[in-house]
Amino acid sequence: MIEDKNPQRTTLGALGEFGLIEHLTKDVEINQPTTIKGIGDDAAVLDFKDKKIVVSTDLLIEGVHFDLAYMPLKHLGYKAVVVNVSDICAMNATATQITVSIAVSNRFPVEALEELYDGIRTAAKVYNVDIVGGDTTSSQKGMIISITAIGEADEEDITYRVGAGSTDLLVVTGDIGAAYMGLQVLEREKQVFQVNPDNQPDLDAYTYLIERQLKPEARKDIKLLLKALEIKPTSMIDISDGLSSEIMHLCKQSNVGCNLYEDKLPLDPQFMNVCEEFNIDSTTVAINGGEDYELLFTVRMEDFDKIKGNPNFSVIGHMTQESEGIHLVTRANTKIPLKARGWNALSTDEDQE
Ligand code: ADP
Ligand code: MG
């Protein structure tokens, strides 16, 4: 498991709040032309001229959304940025700035926060967003991170959850389910470690799954790809809570139904092997597991030729009249009503009927 490779411990008290903010943010760069004033005043100042602004916030709580037993702090910082950038991508917008708010108990030394911030800065660089502010404070127990992402888009490019038509095609990017199985592998190794701390896990067979869980990426490439293909999705959402739950959001808000086809689900071979090893149904995980941060969107039927055969996209179903309901069509060609069971669904013994 993840060990403390950095035995040096500087207490937070030694730096104080302002010293800590200064220490964590001293290397923060400003690259976006829309950033007029970043860190250092009472508020950041941004100028987007005639663009529309999109804003999204997420809150991550230790013990609820992440477990530091297997989540290295650098990865946590990176992921905290990614999940917010993903929400901006799901609006078909481009992320430009973030603010970073952190609360920590004095259990964490300065070096731990440096690692966290290292991950945050790395992601900011990769996604080309400026860190323009935040807040730093103490908590009685554990770590809390809240990131707000700001993005820009032309009004006509923005995609909402509402907008899917009843004959539109349903499309997903990348592959799904892997992040959930990565978490199962990490949970298993954590339990092994608790029994035998000398055990060195061999995780070679699981690298893709673990990476999908610990170091997900947001699909900032999709906006550009869609633009190049001259496609504007009629609706879009990111897959954070699981495919089934996100399909229900699109259907409810757009007043349409949906047929999702089991045999069209894009699954990675490593994912399928590990589902077999864990004796868990790959379709159940693919539609209910969360945290894949892929994009789910609908397009008009006439756009099919533009996306067919593109390795970034899988057409996994089509929308229907609302009265037809929301169904999974199995390989055996039976129709099962989809349920939004979300992220925790798989921890119950219920089977996918
Ligand atoms: P205030 O008293 O207005 O809350 P602070 O002293 O908390 O101001 O913050 C000073 C500056 O540092 C502000 O620009 C704030 O946005 C920024 N800041 C504070 N904490 C962070 C952080 N964790 N990451 C980035 N910027 C931060
Ligand atoms: Mg403050």
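Using the three backbone atoms N, Cα and C, a Cβ is placed for every residue, glycine included.
What TrEMBL records for 40-152 is domain 'PurM-like N-terminal'.
The Mg(2+) 4 binding site annotation in TrEMBL covers Asp42, Ser56, Asp87. Counting Cβ atoms from all protein chains shown, Asp42 (Mg(2+) 4 binding site) has 6 others lying within 10 Å of its own Cβ.
Per TrEMBL, Mg(2+) 3 binding site is recorded for Asp42, Asp87, Asp238. Cβ neighbours within 10 Å of Asp238 (Mg(2+) 3 binding site), excluding its own Cβ and spanning all shown chains: 25.
Taken from TrEMBL, the feature Mg(2+) 1 binding site covers Thr57, Asp58, Asp135. Under the DSSP three-state reduction, Asp58 (Mg(2+) 1 binding site) is assigned to strand.
Annotation source TrEMBL lists Mg(2+) 2 binding site at Asp58, Asp87. Less than 8 angstroms from the CB of Asp58 (Mg(2+) 1 binding site) sit Ala80, Val83, Asn84, Asp87, Ser146, Ile147, each of them six or more residues away in the same chain.
Annotation source TrEMBL lists ATP binding site at Tyr117, Gly134, Asp135, Arg161, Ser240. Asp135 (Mg(2+) 1 binding site): 12 other CB atoms within 10 A of its CB, across all protein chains.
What TrEMBL lists as domain 'PurM-like C-terminal' is 168-324.
Residues or ranges marked as Mg(2+) 5 binding site in TrEMBL: Asp241. Following the DSSP three-state reduction, the secondary structure of Asp241 (Mg(2+) 5 binding site) is coil.
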Those binding-site residues among Ser56, Thr57, Asp58, Asp135, Asp238 lining ligand 2, judged by a Cβ under 6 Å from any of its atoms, are Asp135
Of Asp42, Thr57, Asp58, Gly134, Asp135, Arg161, the binding-site residues with C-beta less than 6 Å from an atom of ligand 1, in sequence order, are Asp42, Gly134, Asp135
Rounding to whole Å, the Cα atoms of Asp238 (Mg(2+) 3 binding site) and Arg161 (ATP binding site) are apart by 10
DSSP puts the residues of the domain 'PurM-like N-terminal' (40-152) at 34 helix, 44 strand, 35 coil
Rounded Cα distance in angstrom between Ser56 (Mg(2+) 4 binding site) and Ser240 (ATP binding site) is 14
